[in-house]
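Below is one structure, written out as structure tokens, with a few remarks after it.
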Amino acid sequence: VFPASLKMAPKQQLRKQSTMASRAARKRDEDSVTEVGEGTDEWAQSKATVRPPDQLELTDAELKEEFTRILTANNPHAPQNIVRYSFKEGTYKLIGFVNQLAVHYSQVGNLIPKDSDEGRRQHYRNELVAVSYQGSQESAKVVVSEPDLLEEEEGPKEAEAETGSQTDVPAAEAAEKVTEEELITPKQPKEQKLTNQFNFSERASQTFNNPLRDRECQMEPPPRTNFSATANQWEIYDAYVEELEKQEKTKEKEKTKTPVAKKMGKMAMRKTTFLESQSDDITKVTQAAKIIERMVNQNTYDDIAQDFKYYEDAADEYRDQEGTLLPLWKFQNDKAKRLAVTALCWNPKYKDLFAVGHGSYDFMKQSRGMLLLYSMKNPSFPEYIFSSDSGIMCLDMHVDHPYLVVVGHYDGNVAIYNLKKPHFQPAFRSSAKSGKHTDPVWQVKWQKDDMDNNLNFFSVSSDGRIVSWTLVKSELVHTDVIKLKVEGSTMEGLDGLQLHTVGCGTAFDFHKEIDYMFLVGTEEGKIYKCSKSYSSQFLDTYDAHNMAVDAVSWNPYHTKVFMSCSSDWTVKIWDHTIKTPMFIYDLNSAVGDVAWAPYSSTVFAAVTTDGKTHIFDLSINKYEAICNQPVVAKKKNKITHVQFNPIHPIIIVGDDRGHVTCLKLSPNLRKMPKEKKGQEVQKGPAVEIAKLDKLLNLVREVKPKS
């Protein structure tokens, strides 16, 4: 039996707890009501605009105008010149990466992540506290229920008190739970919204610059060699002098180059440097690769090589003094497609090498030009390739310097290519300032060096000028030798001025022995005999052809004889002391080119636009050709040029499709005098001169009688 004082104590405690809980609830409701009232007052206050006294009065348009500010993540106060010592290179190195982060405010917090060990421990501890609290609440309920069973004898007031206390217990528990939630989630103070009169929203963010990644690798150090030498004063001086000379040479070369050539030169240099960097080892095997390429070609074209060396047409014995041409190699290149062969020339030193100039005779379709050098040892690909912006119309190779090739262009320029130098551009080139021709250059010829041992050559053009070009100190200097004028075409202009019709030069050739004498063929069909010394008048004039003279050539043996061909279908042989031709041959088509044979004074070749090659030997038949043979496949294909090889019994012909064909002369086309019993066969220039003189005397005797 418990005493009465002890029985009443728990009831009083419960009543006190319930009253405290109800008071706390009332107070909380009052607080919430007051908070709402305060918020509404603040909102009402925000509507009242407070203006400072110095504020500007702006219009709506000015208020709506936006001002953009771009903020970067870089710190303007961060140092940019921090250096650190590099032990690898042994010098102070500038640090490229500087930390741009600026810390304005920092505070040590006591937040703990939930996933961490400390967070788990704290969570576990809170759970234990909650469980222990719930256990104490249940024990209190049990203590309250036991006195109720024991005190059944009490009055209705006690029962009402008990029931009231039982109803107050859950309310107290709810109040305690609310207070716990408030403790766990603290109440955040309401942010006071700042008003902005200009509707300006400022947004800023700070980003951290990503750190740079360094990749390092370890490798073997390059091999080193120790070199020691004493540098004397004169060695230093010599080195400086060499460097100055190099700089002067480069400056002189740049002066001579045109802007287009400079640009192309730069591009070529870039290409070469790229190729060199791409494969440095190719240069080591270039010579070996060339030899292998020639060996492969020799095996591929073995039958042609055997024919070239050993084949002789046995059928010539049964032909009546007629011969044939055996086709050998065909030289062509994809880069020179659709470009006509405008010039052919054998190299005077290397007898298997010849140069081909590519351009166009169709003056409405002028494009680029190509200079290709082929060798009979490698018919599949040219040895040298040079391209130009303007078509090449003529070329010539120097006798003493076989690596120098002079070319004449359609645009009136002349240029010299040096085969020793690997540049794709000409070593020397004329320009408008240095006196280039105004019309296409039809022929160029190297001449003997002048008194100062300077290289020089001549050129002829449709503008009527015959120009001598001299190579002086890496520059082309021009001198007008003669200006062609059509005789009998002078007209009197205003104030008694005499106007001359300019003659258009198309071909020329220099005498083999008399240096100053040369012949010039013109578009009007006339041939002028000129002298280098007299520029005012001609030595002689020949009414040679009815159309343009395509080629003029002195006989390699006889000093008086020359030959000319024209588009009027004729080839004429002249004695320069007589104004009428010795022989006239009509070939039934326009004659593109003629060439004397190097082995005989009476043999020559002519090519016509109908695709035929004609070989004449005056000692055998002075009336017609001993060989007429088509040498191109298509009828529309025209042959443009022909050249004899200096030592081999072959000729090369070029057509307007860019192909060059090599042909071997049959034995009848290169007959030598037969050996007589007991007599030696006489050979040499004197025999050839006598042979041609004999023919000319027959003609000279006939002409006066007739």
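Glycine too: its Cβ is placed from the backbone N, Cα and C atoms.
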**Fill in**
region 'Disordered' per TrEMBL, picked from 141-176, 213-248, 357-392, 609-644, is residues 141-176
**Item:** Chain residues in Cβ proximity to the repeat 'WD' (542-575) (below 8 Å; excluding those fewer than six residues from its ends, i.e. six or more beyond)
**Value:** 506-514, 519-529, 581-596, 598, 601, 604, 606, 608, 618, 685, 688-689, 692-693, 696
**Prompt:** Using DSSP, what's the helix, strand and coil tally for the repeat 'WD' (542-575)?
**Reply:** 0 helix, 20 strand, 14 coil
